[in-house]
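A.B. asks: Take a look at the following structure, please.
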């Protein structure tokens, strides 16, 4: 429990309170998971460095590391926290070789530490003759004092706290259970229509208040709660009807077979009808019966790390608000129409559900750079992916299936169509100002999944 509490506190310390899209004045026609991932990495790096610089100044210790800063923060919470036992690993560079190790171990004993493991090797680099890895169990307070004492030793060229299993954030915290997705709420990047004068709802006070009300419901949701029902207005239902009827018209010709099959199942179950927006709870039950996927309400576009992490648990974070009535065919950020019509049918397909989950699993503990690559792969597959069907191009991406304009562009001869190769797709610049100039085509979901697995195991 102590480890979980520390992880949550550190996560709050570096929480993303803003998004790339908001900070840059919404320069694009839609919100982008990729840009938010890029911005998240930048903000985390800047915030960590700023916090570290302040801690070094306060402690008058220019060699203070990120782990030590977090350790000191945790120890300062209470007397109990200061005396909590840490399982730490120290990397020591010994100037005169292993002969000095006995004195170092005695110093650890003097600070009431218990050595549990020692390894030595010939030093790598100059300035030392041997390197030693020493694992020790010691209180937080004593560990901080020990590190200062060791740095003053003439026998050591350097000292590093390699890991602290309770407070380290060198490897990003990630949820170990679906219930821990509740701890990601403060990282939600809320979309505020009043910040962008080009947003369809910018001048509509009633719409903005409605959005806030629905977002607050999502923020209050906790794992295990029944998903709250939203009573949709006649205007919101009319917007749904326009998009739904368009989808019914084009899906026989342009949607992949897997999408068409599940769409029909949703119609038979009376979940998909033109006159009613589905509730998340009924859709979640449908998905859970077919692939084990479930839904939880989201207030807006999650940061990339949090959104992808939820997929690892077969949970899809879905918005519940509806795009502005003045713009039924386009929304600059995800809304429930995009989620329901674009994403939900294929999440009930076993092969696609497995592909989505594997993207999520690959994100757990990934670096910021890897999260950006995974977000880009997600963008060009789950959002804007095409596949082959009897020699013809078919859409499986949610951004295509919920947008008639982009769908017709994607299957035309105007854009470039490239075979899906994750290593290349992951670094492809994307287009968020207009429709995509490049789309990636998978031979099948199974082929895309196999290629993705190989890339994760060898290329990331």
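Heads up, the Cβ atoms here are built off N, Cα and C, so glycines get one too.
Residues annotated as Fe cation binding site in TrEMBL: 338, 343, 383. Summarising the annotation, TrEMBL assigns domain 'ACT' to 89-164. The feature domain 'Biopterin-dependent aromatic amino acid hydroxylase family profile' is assigned by TrEMBL to 159-460.
Help me see these features in their spatial surroundings.
C.D. replies: A sphere of 10 angstroms centred on the C-beta of residue 338 (Fe cation binding site) encloses 24 other C-beta atoms.
Residues of the domain 'ACT' (89-164) grouped by DSSP class, helix first, strand second and coil last, total 25 helix, 34 strand, 17 coil.
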A.B. asks: Give me the sequence-ordered set of same-chain residues, not including 338, 343, 383, with a C-beta within 8 angstroms of the centroid of the Fe cation site's C-beta atoms.
C.D. replies: 334, 339, 342, 382, 397, 398, 399, 401, 402
A.B. asks: Just counting, how many other CB atoms are there within 10 A of the CB of residue 343 (Fe cation binding site)?
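C.D. replies: Step by step: centre on the Cβ of residue 343 (Fe cation binding site), count other Cβ atoms within 10 Å, giving 25.
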A.B. asks: My understanding is the cutoff is Cβ-Cβ under 8 Å with a sequence separation of 6 or more in the same chain; which residues meet that for residue 383 (Fe cation binding site)?
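C.D. replies: Same-chain residues close to residue 383 (Fe cation binding site) (Cβ under 8 Å, separated by 6 or more) are 33, 397, 398, 399.
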